[in-house]
Amino acid sequence: MGLIQCFFVLAVLIFLVHEFPQAYASSRGASVSSNALARHRGRGRGAPSAPVPVGLCESAVTIHGYKCQEFNVRTDDGYVLSLQRISEGRAGHGDGKIKQPVLLQHGLLVDGMSWFLNSVDQSLGFILADSGFDVWVANTRGTRYSRAHATLDASHPAYWNWSWDEIVQFDLPATFDFVYKQTGKKVHYVGHSLGTLVALTSFSQGSSSRVVDKLRSAALLSPVAYLSHMSTALGVVAAKAFVGEMVTTFVAEFNINEEPVANFLKAICATPGMDCYDLITAVTGKNCCLNSSTVDLFLRNEPQSTATKNMVHLAQTVRNGMLTKYDYGNANANVQHYGQPKPPVYDLTNIPKNLPLFMSYGGQDSLADPRDVGSLMDSLKLHDGDKLQVQFVKDFAHADFIMGVTAKDIVYNSMIAFFKRQV
């Protein structure tokens, strides 16, 4: 099994945790409030129109006493991305010095809120600000704060004509350009899950990348590139059921809160022999360190939409057995887009050997399996030894890296020390 299974199963997981809160409770002994579930279900089709969301600064940052600024960044293909800046910690640190910027890039079906789900002493966004960094928070196209476009409306299918290729080609460069121009300094990058995939493929473009020349170092949490060892019953059913090219004919926006996708996920749950309980363990691995209040906040804010074409691209990655650009299905169409009959390959061995990389992965992670991370490491076997730091956390699973209450002591402190060595 592979990459699309990883992300599609995550979609199933998020949906079913909403529908079957016992699934989380059985895994962790935690409970999810009925109010949180009601708030989520009120976002679906037929519910009253939701108000325009307040910005991430107001909803998650300033309420804790941090200064926060909201920015809009326009990509070369017209998407308007929301970007937040936390320029100082609670103590102020107003010494007039220009701080080192750090950009946080979330994973699939979530947004920048994922860095602020725990307390201020446990959430990476706050920890970095309190450690003296200039923190910038990205929000990928299609998520609630990044649904604007110069000419397209998110209700129109044309708005959703993109995959993670466009995140690599447009979103990351636009965000890096903006942060670099605002700060005048190269940027540290932190990605989780899909945020690691788009980073690795961007870095693999080397000198032609608009990101690498503005990058000081990168931290990749639960790094995703090769996922052939992920094996769960839920994943197998999802992989067989999801035929992306057919879905795009009917649904451009992959929104778990809307009826077509929700019904599809319910059908997967109804498959004979499918266990829709204890999903955290069954899908992501046995997360050691989540708590009920974090999950409750997660349910209030997630999941977010993505393009169905994005899911199709991930499915193609499995069928092709390699990381390539989107395959348009026939040689003529590919020639029209790429000048060649097959889509170009992202070759991770082309990542600059002297690029400082910090990677942290978990022994219990069923999505970024340690054996698959080993395959990624094979692509980096010629990397400069003093530029690559790899951390293995035996007890961590996929969600622990951004939601675990012990992540600061186990992962973030090491990552911050790594950043501070890159001068």
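Here, residue 1 is simply the first one shown, and the rest follow in order.
Using N, Cα and C of the backbone, Cβ positions are placed for all residues, glycine too.
TrEMBL: automatically predicted annotations, no manual curation.
As given in TrEMBL:
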{"type": "ACT_SITE", "residues": "Ser193", "note": "active site, nucleophile"}
{"type": "ACT_SITE", "residues": "Asp365", "note": "active site, charge relay system"}
{"type": "ACT_SITE", "residues": "His398", "note": "active site, charge relay system"}
{"type": "DOMAIN", "residues": "61-118", "note": "domain 'Partial AB-hydrolase lipase'"}
{"type": "SIGNAL", "residues": "1-25", "note": "signal peptide"}
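Structure with TrEMBL features highlighted.
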{"residue": "Ser193", "record": "active site, nucleophile", "CB count, 10 Å": "27"}
{"residue": "Asp365", "record": "active site, charge relay system", "CB count, 10 Å": "24"}
{"residue": "His398", "record": "active site, charge relay system", "CB count, 10 Å": "28"}
Helix, strand and coil counts within the domain 'Partial AB-hydrolase lipase' (61-118) (DSSP): 9 helix, 19 strand, 30 coil
Rounded inter-Cα distance in Å - Asp365 (active site, charge relay system), Ser193 (active site, nucleophile): 11
Rounded Cα separation (Å) that holds between Ser193 (active site, nucleophile) and His398 (active site, charge relay system): 8
